[in-house]
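For reference, the structure is listed below as structure tokens.
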Number of protein chains: 2
Amino acid sequence: MRKTITIGLLGMGTVGTSVVKILTENANDISQKVGIPVNIKKIMVRQLDKNRNIDVDAEFTTTIDDIINDPDIDIIVEVMGGMNPTKDYIVQALVAGKHVVTANKDVVAKHGQEIFEAADKSKVDFLFEASVAGGIPIIRPLKQCLAANKISEVMGIINGTTNYMLTKMANEGLDFNSVLAEAQAKGYAEADPTADVGGFDAARKIAILASIAFGSRVSIDDVYVEGITTISTEDITYAKELGYVIKLLAIAKDDERGIDVRVHPAFIPAKHPLASVHDVFNAIYIKGDAVGETMFYGRGAGGMPTASAVVSDIIDVARNITHNANSRILCTCFSQKSFCPVQNTESPYYIRLLVADKPGVLAAIAGAFGAQQVSLHSVIQKRKVNNSSELVLITYQVSDANLRLAINTISGMSVVNKISSVIRVEAEDFA
Amino acid sequence: MRKTITIGLLGMGTVGTSVVKILTENANDISQKVGIPVNIKKIMVRQLDKNRNIDVDAEFTTTIDDIINDPDIDIIVEVMGGMNPTKDYIVQALVAGKHVVTANKDVVAKHGQEIFEAADKSKVDFLFEASVAGGIPIIRPLKQCLAANKISEVMGIINGTTNYMLTKMANEGLDFNSVLAEAQAKGYAEADPTADVGGFDAARKIAILASIAFGSRVSIDDVYVEGITTISTEDITYAKELGYVIKLLAIAKDDERGIDVRVHPAFIPAKHPLASVHDVFNAIYIKGDAVGETMFYGRGAGGMPTASAVVSDIIDVARNITHNANSRILCTCFSQKSFCPVQNTESPYYIRLLVADKPGVLAAIAGAFGAQQVSLHSVIQKRKVNNSSELVLITYQVSDANLRLAINTISGMSVVNKISSVIRVEAEDFA
């Protein structure tokens, strides 16, 4: 009968430090849940002599082999981040028969298949709850709690930085650049904010969620991505006036057209549960054939919330170890479904444009939309910008391809001075 | 190597029929997840000759022994409801070495300990995700996804009937009796609505959630309960004016005063995530030391949402069977913590009363509150009712005992004509 579960920790940054903190502070509860204590034996760091504000009774090392070749170590916990050499460390650990828990969305989104194959071959666990939406339980709910369902849709606010920025823009009327500067000052956005504001961070996470939700591998390259850099205060004001909120959504749908996975800003109705997800909070809304609509809400980043998911995964692996039940749930991508090209996706659209202020213009524009089967649900015209009239339209459901054709035609019309914004409307059921 | 997982189903009502439907329609996906097919062999019903609108290839029986004594049957799924004889059937099944999945909150809330002991003795699984909040994953998130955390608070809207009624009262200005009649007509409320409107249904569910969240057994008798029958349209109007929403909350807190578990109507700030949970939807808000705040939202009742949880539990048991990993996670009540008497619980309070319309009355009332260490956060006086003035007060944080003493004194004052309402305020951080 084994007496402890032994961990090798890779990385001692914000998340690593929080993992140590939880394993120490909640040690009694955790050992009751597992049946035996869970201890960290070794920690791999870049610098041995760095001053760390935490007491931990473990050996520090700078070499991966010290950890992978240690026969005492059961679980390798990867919270060092990055792609290289992290991905290789994970695969080596799995090949060596170690269970692996990671918070690394980049590696999972890009190399999920190779990693799962290695885990399957070694009959070990590979858990990654922390890789999407920080502390919010979402991987295990999809793989287990909602396993009875055919999932048709996952729609999430899964990037805290952009949600903080959009909330701030909406509440305080500030423009994109001011809120970005503030988010950077607060440490919510990085010096190079591209991964967040460009939508790429959300794209990695939705690739992971879509793979699990639909049982079919979706990689980062399958995700259509638009960021929030073009969202203006005018769009936010119009959204409010029309009963909407603008959010950066990560969307995955599975229907007869194929799997449709994308990240882009979208208008969502103010009464939708996702509309009241503010600041750095994340939420994931899921539709299943049996359960209907569910939503999971919480902190999508930060040391302690992320470590909450990491340590809960550790407890799960430890429970598997004590019951000889490892590799109980591995890869759940049982099929490879086809994808729906973004051109074929459908939604209503919000369009803001500047037009000449003279009779017949609205009729000409409505006609051009009509020629591409785009019907208009609502029109606002009330503001002058220099010598132009500003026109705001919301269309009925239309394919992206038809919408783009209509926009092309319209942008070539002599009475159209500028197409300022084209933004999808989601979670709206216009007949 | 076994070839199938075999189920005996107890009950073929709304939930039972939905369980059959999901197991049939999603059979391929489910057998991929489990590795082998999951089939229903026998179904226990009250009447063999009843016309059922569903095709199912299973034997019907009216006797429990037909199912418990069938060596082919791995999992007994109890969706017949009620306490007697259901509880005995569950225990007999566990003693006979069958895994049990149930949707029965009454049995779990009342007899959890005996049932878990039987499951532990037989080393079989006992899962009950569907017993709280229907399709919303909450038991497994507490036991697994958030296992790293010390949970300090669970606060839920876990009765759909009363949430539907309160939403309707708030949106349409209708009174309690009209919305009750409408809820009954729609089938959301029963002919005898006591279990719902009296708070007892929510009490059973919060007893289950508190036990798991705090690792300490909480039974239905430990829950302080107030229903919504005294909530008036006036209270709802004042709530809105003051920036609050009235919800029937099920609350469980664990701190140095002990475990505090109660169900009662409460004012919550309109910006709190639970405030936008409308109609029959349920949501459970959880605070953990690592994860911070999380919330789980969805449909808390209905055949298909409940069956979603039941079938997901079946899949979990089946995965355990194929990995010889049953009884992996059983009872998690490792300690027996003490309870905090309701008198010692603290919150701000909303109080509405009718007072004589003459000088010095407010000063006298404020003085009586002050004498019991009750400070007033806000006061509204604007409406006349007959010859009285209506006074609405919100206090700062105060113990229930002190509040009651103050109310007693005040109700005896000659200038006080009526104490109309006393309602707790939750999730508000008045210093």
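The backbone N, Cα and C atoms fix where each Cβ goes, glycine too.
Features as listed in TrEMBL:
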type	residues	note
ACT_SITE	A:K205	active site, proton donor
BINDING	A:L10, A:G11, A:M12, A:G13, A:T14, A:V15, A:G16, A:T17	NADP(+) binding site
BINDING	A:K105	NADPH binding site
BINDING	A:E190	L-homoserine binding site
DOMAIN	A:350-430	domain 'ACT'
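Taking the centroid of the Cβ atoms of A:L10, A:G11, A:M12, A:G13, A:T14, A:V15, A:G16, A:T17 as the NADP(+) site, the other same-chain residues with Cβ within 8 Å of it are A:L9, A:S18, A:V19, A:V79, A:M80. The domain 'ACT' (A:350-430): residue composition by secondary structure is 23 helix, 37 strand, 21 coil, according to DSSP. Reduced to three states, the DSSP call for A:L10 (NADP(+) binding site) is strand. Summary for the binding-site residues A:M12, A:V15: the Cβ-based neighbour count within 10 Å is maximal at A:V15. A:G11 (NADP(+) binding site) has its Cα within 10 Å of the Cα of none of the recorded positions A:K105, A:E190, A:K205. Comparing Cα positions, A:G16 (NADP(+) binding site) lies closest to A:K105 out of the recorded positions A:K105, A:E190, A:K205. The Cβ neighbour count for the residue listed as 'L-homoserine binding site', using a 10 Å radius and every protein chain shown, is 13. Sequence-distant contacts (6 or more apart, same chain, Cβ under 8 Å) of A:T14 (NADP(+) binding site) comprise A:G302, A:G303. Ranking the recorded positions A:K105, A:K205 by other CB atoms within 10 A of the CB puts A:K105 at the bottom. Here A:T17 (NADP(+) binding site) comes close to A:R52, A:N53, A:I54, A:G303: these same-chain residues lie at least six apart in sequence, with C-beta atoms under 8 angstroms from its C-beta. For the binding-site residues A:L10, A:V15, A:K105, a Cα-Cα cutoff of 10 angstroms around the residue listed as 'active site, proton donor' retains A:K105. Every protein chain shown contributes to the tally, and the Cβ of A:G13 (NADP(+) binding site) ends up with 13 other Cβ atoms within 10 Å. Cβ neighbours within 10 Å of A:G11 (NADP(+) binding site), excluding its own Cβ and spanning all shown chains: 22. Among the binding-site residues listed here, namely A:M12, A:G13, A:V15, A:E190, A:V15 has its C-alpha nearest to that of A:K105 (NADPH binding site). Rounded to a whole value, the Cα-Cα separation of A:M12 (NADP(+) binding site) and the residue listed as 'L-homoserine binding site' is 20 Å.
Cα of A:G13 (NADP(+) binding site) to Cα of A:E190 (L-homoserine binding site): a span of 16 Å.
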